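TrEMBL has this to say about the protein:
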- A:1-10: compositional bias 'Polar residues' (COMPBIAS)
- A:1-23: region 'Disordered' (REGION)
- A:38-123: domain 'Acyl-CoA thioesterase-like N-terminal HotDog' (DOMAIN)
- A:160-282: domain 'Acyl-CoA thioesterase-like C-terminal' (DOMAIN)
Protein chains: 2
Amino acid sequence: MSTSTETNPAPRTGAGSEFDRDTAVTLREPGVYDAELSAGWTIIHAVNGGYLLALLGRALGDHLPHPDPFTISAHYLTPSAPGPAVIRTETVRTGRTLSTGTASLYQYAEDGTEVERIRVLASYGDLDALTDDVRTSAVPPAFAPVDQCFSASDGPAPPIPGSSAITDRLDLRLDPACVGWAIGAPSGKGEMRAWFGLADGREPDPLSLLLAVDALPPTSFELGLKGWTPTVELTAHVRCRPAPGPLRVSITTRNLAGGFLEEDAEVWDSAGRLVAQSRQLARAPRD
Amino acid sequence: MSTSTETNPAPRTGAGSEFDRDTAVTLREPGVYDAELSAGWTIIHAVNGGYLLALLGRALGDHLPHPDPFTISAHYLTPSAPGPAVIRTETVRTGRTLSTGTASLYQYAEDGTEVERIRVLASYGDLDALTDDVRTSAVPPAFAPVDQCFSASDGPAPPIPGSSAITDRLDLRLDPACVGWAIGAPSGKGEMRAWFGLADGREPDPLSLLLAVDALPPTSFELGLKGWTPTVELTAHVRCRPAPGPLRVSITTRNLAGGFLEEDAEVWDSAGRLVAQSRQLARAPRD
């Protein structure tokens, strides 16, 4: 996790960070935000779903009285494209410790009409107000050390076939146990694990966790399937403000059946805390 | 799973089933349904969240062009009480294989104003249109045989403290490995497992799966915590139409921290298929 931070000064957050710049939203009127979907977070032609979730999460965090997404569900309706977008938010309920709201991201058809891309329903709270009480037996799965993992520039096969822009913005190091697919020898297990960072050194926060849960190659690659796995729905729980340093992301699939699969992600911070959990339902590749 | 079906004729579905009668909705005008929250599905004073999800799921299945909930997310806003309710649905998008909609359940304040209880966002499809392709390595966890499990009428302690009505409507048989809490000896593991059926013998379907994922005692009991674990958000994926016969429900908690916990449920049908998966974020008991 060092090369890119040596060549780029490490912005913590703010305008100096690619992620913060590309998830910025501008208040147009109460509850309505203008945004620009960056071409920098695309895989082939598709805008990454985790990036979009972070963008919607930022708008909702601005609109609601609580700052942090505790649980956020997104239903992906139509494919997003780089370019202008508008986000419309609505407060559903404001409580003392949690508030609930919806957000919709729209883009514009050729005739100027708005086409809805994503609908989100979320409950926000304040992570800093949580108690320190941890009664969990959860331990991270075994990750190979970073220096034994594979980045986008290693090996003959690109880690994400056909991908381009997003790999430049992520510092993703895939566990060697989960890269068989890249050399035509998938493990047959529905597992994907990687060390995760932002290439410009921007430290993790609740919004970048929303990106992290949907930024790895799909587990279906290791199940021997190629092709695209478009997300139908993704729900993420942010459980703790992540400590600075690299994240570990573990994704598993238990059930690939009937043309659909689930992907369960766990995100661990450098302090060994389980900071986020997510599950998505996606369409399986046709094969 | 035999006593209750011997004493009651087994209604498959329809008005003869307690579950179907109590989740019935009546169309008032397009998109608006009247309902009556039954006191028969309460735990102490609270209406069970799975029952409420099934009720909302039925209304949305009526409103949307596709019949079955593929992925449904519910945010629980304020506590529901037995009595009249109104459900307002909205179609977000209609596609060829999936349609997406929202539903809100309201009850009435003393002055007659509507108070929102639950907001739902869901994508529906047609389970019968799915392929038979199953590429899953998932196997059910070990369940003790039904005749070694504990029902509400067994033992000195009621399986759900203070509960009443709902236990009469469920045929729940708790795995002996997960009932230590009832005799003051919780296992310390975040696990709860039970055989699940409806007491009147009504066979499982996608709607009763929405009940099944939130009908067991909370995992926090086996973590040594007593008291209530109110759901903040629950997302369920229905992956397959369940075969007739008893279901097996396994719930696990990995992370009880900061005053919140997640509960992951898997539901297996009598044919050994993983028919539903769910995850909820709940508030942990104060201890």
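Cβ from N, Cα, C; glycine included.
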Quiz prompt | DSSP-assigned states of the domain 'Acyl-CoA thioesterase-like C-terminal' (A:160-282) in counts, ordered helix, strand, coil | solution = 23 helix, 47 strand, 53 coil
Quiz item: Going by DSSP, how much of the domain 'Acyl-CoA thioesterase-like N-terminal HotDog' (A:38-123) is helix, how much is strand and how much is coil, in residues?
Solution: 18 helix, 45 strand, 23 coil
Quiz item: To what whole number does the mean pLDDT across the domain 'Acyl-CoA thioesterase-like C-terminal' (A:160-282) round?
Solution: 93
